[in-house]
Structure formats: structure tokens, C-alpha cells
Amino acid sequence: MHRYRTHTCGALRDSHIDQTVRLSGWCHRIRDHGGVLFIDLRDHYGLTQCVADPDSPAFKDAEKLRAEWVVRIDGKVRRRPEGTDNPDLPTGAVEVFVTEIEVLGPAGELPLPVFGEQEYPEDVRLRYRFLDLRREKLHQNIMTRGAIVDSMRRRMKEQGFFEFQTPILTASSPEGARDFLVPSRIHPGKFYALPQAPQQYKQLLMMSGFDRYFQIAPCFRDEDPRADRLPGEFYQLDVEMSFVTQDDIFAAMEPVITGVFEEFAKGKRVTKGWPRIAFADSMRKYGTDKPDLRNPIEMQDVSEHFRGSGFKVFARMLEEQRNQVWAIPGPGGGSRAFCDRMNSWAQGEGQPGLGYIMWREGGEGAGPLANNIGPERTEAIRAALGLKAGDAAFFVAGDPSKFVKFAGLARTKVGEELNLIDKDQFALAWVVDFPMYEYNEDDKKVDFSHNPFSMPQGGMEALTSQDPLTIKAFQYDITCNGYEIASGGIRNHRPEAMVKAFEIAGYGEQEVVDRFGGMYRAFQYGAPPHGGMAAGVDRIVMLLCGTTNLREISLFPMNQRAEDLLMGAPSEVSPKQLRELHIRLNLPDTK
């Protein structure tokens, strides 16, 4: 017999009855029923009920056991007594009568229980992550993550892609976030950087004659805490292809992502034939570039119905050309209580309020706005929005660039409050035609809005003749249920166009050469047209596991202060290590 086990804790069935077996695992739960001890023994594969009564030679040893002790149990498989089967367990028809117990690893008092799914403070869970990972839901999420990554790999290879690994130590480059820097011992005063993404390397692969690259790539960004991204590192399905158009990339990747979602959707519907939504349309209809299409609400510009109207607040605003009035339909929201609740919510978001119109039976509009603009305009708004009696509409006004984010939040709030969001689907879409540049209010300059290596629509001519803020790029995102899960673009593969694109964003040619020397040189020796994308593995897994917390699908995540509480990182290092790296610390005054 094997030293530790003949079977796993998830293996025993009716066919094993009367066999002598050996199991090893953790004491998940111990129950005393009238002097009979029931030990639920757990391992990675499942759970088996083991029984020790006073007649068992191992009864005295069983009495000493405590939760999460690691033990070896020998015993005989038998049928559970009639009426005590557990249909929720694969092993639920049988139990093991214990004849011998060996304690392999006793456990101290637990800082958090493994049995059950009760909530515990996050710092405790992260500090004792090895215990947290034993809990059923989190353990299953990690296994699902592995299966999803396997599915991605399989589907990418079926599409003709090849998996390569790119370097982890590289050069620092301006890709939108701070780099994690690694000092060089051999080259004093110089630093490597951990890659924010394999962007330059995957483009260099295309210039090296490879095609259809992918990898599950770790990425590192020294960013301030964000709710939708873990501090430190994350993983992406990184992709690049040569001699392709935007449509070619869509045709290659849509089946991969759709297939992964269908495989792990657990009965939810998955969009087939994804819609393509222009960035400008997405912002106008949904108030965001990552729309949740499970929500059927589409906002509309209804400025004409308020221009010159009796509602002077909006009418005066509309005298300025940049201002608009947008309507947010609220099907079924035509009650005073709901409209007042939305108005209070808007005030809680720092807004002056949220104007509204309700439609009564017979189509009559009600509310302060309806009273001020009159029945004809009210009816025209109702018809434009496709609303009926019992519905409402909410209004935001001003400069769309300033209110669009709030309008998107209001659309989401209305959809949630009126139960309009279809929770039984994964609604996938492409968002296309992103602006190449945006105006950075902090730095008072034009900056890249997305990936700086993307091809502008119109090429070099657009860069030299158009207002930079009107240039669109061959950039695209994949969105799902309100999350951006992938981003990509066709690359700017001509060196003169690359230099011009960076020049508009404030980078001189020499700075481009210094920062992107390897890629700049490669462009001089025959660069193919190429493009690609990167899909966020963590976010996809999060969606498919049905959680909204990235820590629930990650093995050993940091907390929001970028600390690994389990390993004690970041940590101080010895003076000797600092001397070897030629580093002297200049710490801020913490007094």
C-alpha cells in the first residue's frame, strides 16, 4: 500500500465498497454524534466522510483531531446507512470506517476558518492566504483560472498562432504608467524595467519574420490603486500578427474569446457576431467606452426639444454651441417616488440634481420640466425616445465632455434600479475608432489617448494636416458587461510616421530613438504591416467566475497598498546589498 494514499478524497464510489483504502488530507470538519465521530477528510480532489465509533481501534486517536490537521486514515469502505446519503458529494453514497490514523501535520489555532464561506477582513485573508486558498470557492476559482488559460492556449493554437516568451528584464519606456525599476549591479547607475507589456518585443517578433505570436504574459505597472486592477502585476493574452488589417484580427480573435466564454459560461448566453461600436457613438449612447450592453438603455441628444423652450435653465445653456441636453430613458420608471430617488442619488454624486419627465396614462407628461416646456415638446421627446405611459426620462445638460461620465453612471443606475439588466448573458462588443490623441489637462499638452504605437487612420497625411484631436486611430477594445477585457491596434510600422506621431505628443526624434532604439532600428530594415491586441486574463476569469473582486481569482495578490502581507514585500534590504548595487537611499521625512 502507498505510504500516503491509495485513493484521493474525491474518488470513492459504490464500486469501492468492502475495499481497504488509505486516504490523506485535511480534517475539514469533525462532528460528534452521540459518541460517534464523523471526520470529513478533504484534499484537492474532494471530500470523504470517515467514521470512528468507540469500537474502532483508532477512536482514541480520532478524539484528538482538530480542524485542518493533516492526517492519514486507513479504513474500510462501506455503504452509508439508509437515508444519510449526500447527493451534493460525488462520494456521498459511501463512508470509510476508520481503523488507523496517523497525524502527518498538526495545525495550530486557525486565524480564519476554512470550513464555510463567511467573510473575513481582507488583510487577514491575505496574510494567511495559504488557509484562504483551502476554502472551496476560492480554490475552485483558481482551478477555473487554470482551465480558462488552457482553453485560451488551445484555441490560439487552433487558429494557427505560435507561443513565444519575451524577456522580463527590459528597458524603461513611456507606455502610460510608472515602471518597476531593477538596478543593475554590473552597470552602476543604470536600471532595467519590468515590462508594462511585451509591446515592443512582440512588434520586433513580426519584424524578425515570425507570424501569429501569442503568450500568456505577465505585465508590471507601478500604478496607484485601482478598483479594476490588482497592484503590481497582471496577466494578459498577448497577440500580434503580420500582414493583417483590423478585420483580419477581428476574424482571428473573436472565435477565440467567444469560445472561451461559451466553454465557461455556465448556461449564460454569449454574444455571437459581436457588434462594432464607434468610440464616439459609445460615449454618446452609453456614456462610456466600455458599455454594458446587457442594459438596453440608449441615451439620446434631445437638445432641439429644449432650445428656446420655457425651461430657461436648459434654454440658456443651449445658447452656447458646445452645450447639449441628453435624455436617459427609464422604461417603467414613471413614478414620483422613483424619480425623486434618482434625483437624490444624483445629488449624492455631487450633481445639482437630475431633471425628469414622467408620462401618465393617456401620454400626458408630468413633472417640473414637462410643465415648463409644454405638451408639444413633451410629446416630441416621448416619441423620440420610444416611451409610453408609465415610463420616465431623465436629463443631463451642459458640456458633454464634462457630464458624459456622470450620464453613463446615471444610465447604469436607472438600468439597475428598474431591473433592466439581463444578468444571464455575456454581452461582448468591439469598440473601434478611438481618438489617437487627447488633451492632458494636468500637463496642458496633447498626449496619446491609448497605445502610442498605433497607426493613425489616414497615415502620415493625417499626422501632418489634421488637428491632432480629430485624428482617429486603428485602435479597438473588446468590452463585456461593462468591462474592457482587451485592447489592441494596427501598428505604426513606418519610422517617419512613428517619429511624427511621438512629436505631436511632445517627444523629440532623439528621445524616440533613445527610448525605442531597438524597434526604431528594426523599422529601418523592412517592417511588415502588423497589428495585435492583448486580452486581460484576470478580468476574463473574474467575469467567468461570477465575482467582481480580482483578488478572488488570483493566487497571492497584493493589497490595495501594493503590499504582499504573506511574504512581507516590499521589504528593506541589507546595506551590503545596497552597496553592491551602488545605491544610496534618500528617504522622505516621515515625521
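Cβ atoms here come from the backbone N, Cα and C positions, even for glycine.
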Going by Swiss-Prot, ARG221, ASP222, GLU223, GLY536, VAL537, ASP538, ARG539 bind ATP; tell me which of GLU263, GLU484, GLU496, GLU580 is listed for that site too.
-> GLU484
Segment assigned the feature region 'Aspartate' in Swiss-Prot (from 63-66, 199-202, 439-442) = 199-202
Among the recorded positions HIS33, GLY83, ARG221, HIS450, ARG491, whose Cα is within 10 A of the Cα of ARG539 (ATP binding site)?
-> none
Among the binding-site residues GLU223, ASP538, whose Cβ has the fewest other Cβ atoms within 10 Å?
-> GLU223
Spatial neighbours, same chain, of GLU484 (ATP binding site) - Cβ under 8 Å, 6+ residues apart = ASP289, LYS290, ASP477, ILE478, GLY536, ARG539
Count of other CB atoms lying within 10 Å of the CB belonging to HIS33 (site 'Important for tRNA non-discrimination') = 9
Counting each residue once, how many in the region 'Aspartate' (199-202) are helix, strand and coil under DSSP?
-> 4 helix, 0 strand, 0 coil
